[in-house]
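Database features (Swiss-Prot):
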SIGNAL    1-16  signal peptide
CARBOHYD  Asn104  N-linked glycosylation site
DISULFID  Cys126-Cys224  disulfide bond
DISULFID  Cys136-Cys180  disulfide bond
ACT_SITE  Cys139  active site
DISULFID  Cys170-Cys213  disulfide bond
DISULFID  Cys272-Cys320  disulfide bond
ACT_SITE  His278  active site
ACT_SITE  Asn298  active site
Amino acid sequence: MNWLVWALLLCSSAMAHVHRDPTLDHHWDLWKKTYGKQYKEKNEEVARRLIWEKNLKTVTLHNLEHSMGMHSYELGMNHLGDMTSEEVISLMSSLRVPSQWPRNVTYKSDPNQKLPDSMDWREKGCVTEVKYQGACGSCWAFSAVGALEAQVKLKTGKLVSLSAQNLVDCSTAKYGNKGCNGGFMTEAFQYIIDNNGIDSEASYPYKAMDGKCQYDVKNRAATCSRYIELPFGSEEALKEAVANKGPVSVGIDASHSSFFLYKTGVYYDPSCTQNVNHGVLVVGYGNLDGKDYWLVKNSWGLHFGDQGYIRMARNSGNHCGIANYPSYPEI
């Protein structure tokens with residue numbers, strides 16, 4: 001457990017006796033049972049209870065405002081409900097945008113092209129099941145393999161889960177990636193290009209921790225010839241790529257509690273910034289109740305959002321920086 005988590009727990013524990021609400025004891029027990037929560041020490045449970053109560057208040061007030069038409073999305077007390085937004089970002093969102101990144105925008109847009117009003121690559125069988133990255137900042141790896149999985153399906157007709165652990169263990173310092181401490185999708189693609197392949201998830205399973213590189217060419221499940229970067233901040237180019245090419249890897253700002261507690265609807269939080277810190281996969285787009293959205297696959301398990309997915313506001317000023325660093329691989 002890193003210093004930030006300890007600091008949060010200590011502060012919460014010190015105040016817990018003041019704020020605990022005994023009327024919520026039953027609901028706390030139900031929530032723990034639902035998500036299989038167990039705590040090693042009493043102090044940790046007390047601290048988690050305080051954070052949980054704070055999040056519950058946030059969810060309750062937000063959903064009340066939603067019922068009055070003030071928000072386009074609802075929140076819920078999911079498996080992350082006993083964590084702060086700072087913890088979630090520290091443990092599960094470690095996108096590292098290269099500081100000296102020579103962007104090579106090779107995508108050619110066609111402004112006269114008629115695009116479909118909606119797209120969902122899940123319906124075309126190009127998206128694998130939602131994964132759970134755990135307490136490891138490997139979001140970049142899951143975003144990258146998700147984009148490549150779709151390209152493999154489109155070329156071969158076979159949908160195969162690729163190994164995020166292969167990237168965590170092997171696409172490391174040479175590429176500016178740091179395993180569970182973060183990385184970037186284009187650098188993951190570059191590793192696959194240089195390595196001439198990536199193993200399947202079945203042969204190189206995910207462990208949610210850094211390990212020694214164990215790539216085995218005999219278990220290679222995909223290759224990558226190059227990757228394409230889209231123009232910075234262009235939602236139009238992102239829509240075109242998602243419509244014509246397949247799922248696209250992107251970075252977003254996921255640093256707010258409204259994000260990790262999202263349940264359903266079209267996510268729009270005015271406090272969301274252009275500073276991206278989490279890698280995800282855009283697998284489609286559409287419109288819900290008059291709100292344009294991006295359909296985004298996360299790697300926080302099925303309990304997050306809508307079965308692991310979130311609909312994020314589209315055509316709303318590049319909300320959360322979703323169009324800042326889009327890229328996709330080619331086989």
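Residue positions begin at 1 at the first shown residue.
Heads up, the Cβ atoms here are built off N, Cα and C, so glycines get one too.
Note that this is a predicted model, so its numbers are computed, not measured.
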Whole-number Å distance between the CA of Cys139 (active site) and the CA of His278 (active site)?
6
Can you give me the Cα-Cα distance between Cys213 (disulfide bond) and Cys320 (disulfide bond) in Å, rounded to a whole number?
34
Any idea which of the recorded positions Asn104, Asn298 has the thinnest Cβ neighbourhood at 10 Å?
Asn104
Other C-beta atoms within 10 angstroms of the C-beta of Cys170 (disulfide bond) total 24
Could you say which of the disulfide-bonded residues Cys136, Cys180, Cys213, Cys272, Cys320 has its Cβ with the most other Cβ atoms inside 10 Å?
Cys320
Quick check: of the recorded positions listed here (Cys126, Cys224, Cys272, His278, Asn298), which one has the Cα closest to that of Cys180 (disulfide bond)?
His278
If you count other C-beta atoms within 10 angstroms, which of the recorded positions Cys126, Cys139, Cys224 is the most crowded?
Cys139
When distances run from the Cα of Cys126 (disulfide bond) to each of the recorded positions Asn104, Cys272, His278, the nearest one
His278
Run through the Cβ atoms and count how many others sit within 10 Å of the one on His278 (active site).
26
Round to the nearest Å and give the CA-to-CA distance linking Cys320 (disulfide bond) with His278 (active site).
10
